């Protein structure tokens, strides 16, 4: 579907008259849905679908792998934190859970802000700055033994920095891939799972040999490398810059245009997007609980088992099948037309909730391994389909902020889940109720997502009108002109 101006004919409104001005140099029709109309005599722009894009894929892989390899292995850090702390055990467990929950929550809470910076400054600057902040957060976490201090250094600094580094890696792939975007997302997600598989073993070994402080310093090296790899996020140069639209407008109108660009709430005009975002935010309440509490649950539940020293294998199993799920789901999503790919998320959430509830029912360590294999598979399907569904719901022009608002909505439930599970553990003195609770929100979220395609089919005309309106208003509401999200406005004149 090409982005182009409406056909002329009849009496024109003010917006359409503005689009008709460059009569002598008509804008060519583009051949891809992820690009806006270009200007100039050349043919329509086609994304490279490879080449330099594969270097960007490698950088995005390192980003996803290092950030979520550390985050998803927090169960090991959680155990090391408890070993360092002294005091009432129940209070220390509750406070230590907040360290990891804050870090994961800040990734999502900062996402709307990251979207604004990405749209204004491009992908390269926010990603590089974010990696630098994450590096500082991990490094400074090694110089304190206080949980309260690590709320800031690990929870806030590392979490915020990870958010600024992570989200541009989702957006930049759309600059280099369109037909193979699902495959590119799948490759990034699958390759990054190698990090998830190796991090539990690495962190367990480091924790035993050099303790937690030096472990944080080793982990900070991954963020330092990411800082340099983020420099490869070179956006494809924009081809339009409609400065004529700013002429004749008052200062107030220009300020409102900037405000609309920075706080673009038009994604919420799409009813199907609102339903989809609410469903995923609901499911997020139970999503992170197994990553934090599973290791401690195994320590308490299987005290007499031989394999108790190999509990890190559970996180490796999650990482392995998560990579398989991400690669497979990327290929499958490319073959599923339109919004029907959202049913992959529905299945993933329903199965995720069921597996969380199965954890307390497992009587042996082998049963937990099977459960973790399915948990990783669900995680892979859920994360890979997120960006393609956002493009289907709101279009390429608003995809960056749509993903940002979605991740922002996930922040509160994602942060609250592990501490709530910790409180349930303290109240009932076991983890059974906590894992039963963890399974309910994903199932509810899956039921909500099931109805998104049904509502989408009932309002096709309204969606088309909104899409047409976006094309006509793009020059005034988006500083970059009709460009991909993540293209810096400062390069628009090139």
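Placed from the backbone N, Cα and C atoms, the Cβ positions cover glycine too.
All TrEMBL annotations are machine predictions without curation.
Looking up the ranges 249-271, 433-455 in TrEMBL, the one annotated as transmembrane segment turns out to be 433-455.
In TrEMBL, the transmembrane segment annotation falls on 403-421 of the listed ranges 61-79, 403-421. Ranges compared are 293-311, 312-330, and TrEMBL records transmembrane segment for 312-330. Same-chain neighbours of the transmembrane segment (275-292): 71-72, 74-75, 78, 97, 100-101, 104, 108, 315, 318, 342, 345, 349, 352-353, 356, 359, 375, 386, 389, 393, 405-406, 409-410, 412-414, 416-418, 420-421, 434-435, 437-442, 444-449, 451-452, 455, counting only residues six or more beyond its ends whose CB sits under 8 Å from a CB of the stretch. Pairs of Cβ atoms less than 8 Å apart link the transmembrane segment (125-145) most often to 215-236, out of 96-118, 215-236, 342-361, 403-421, 433-455. Averaged across the domain 'Major facilitator superfamily (MFS) profile' (272-494), pLDDT in this predicted model comes to 78.
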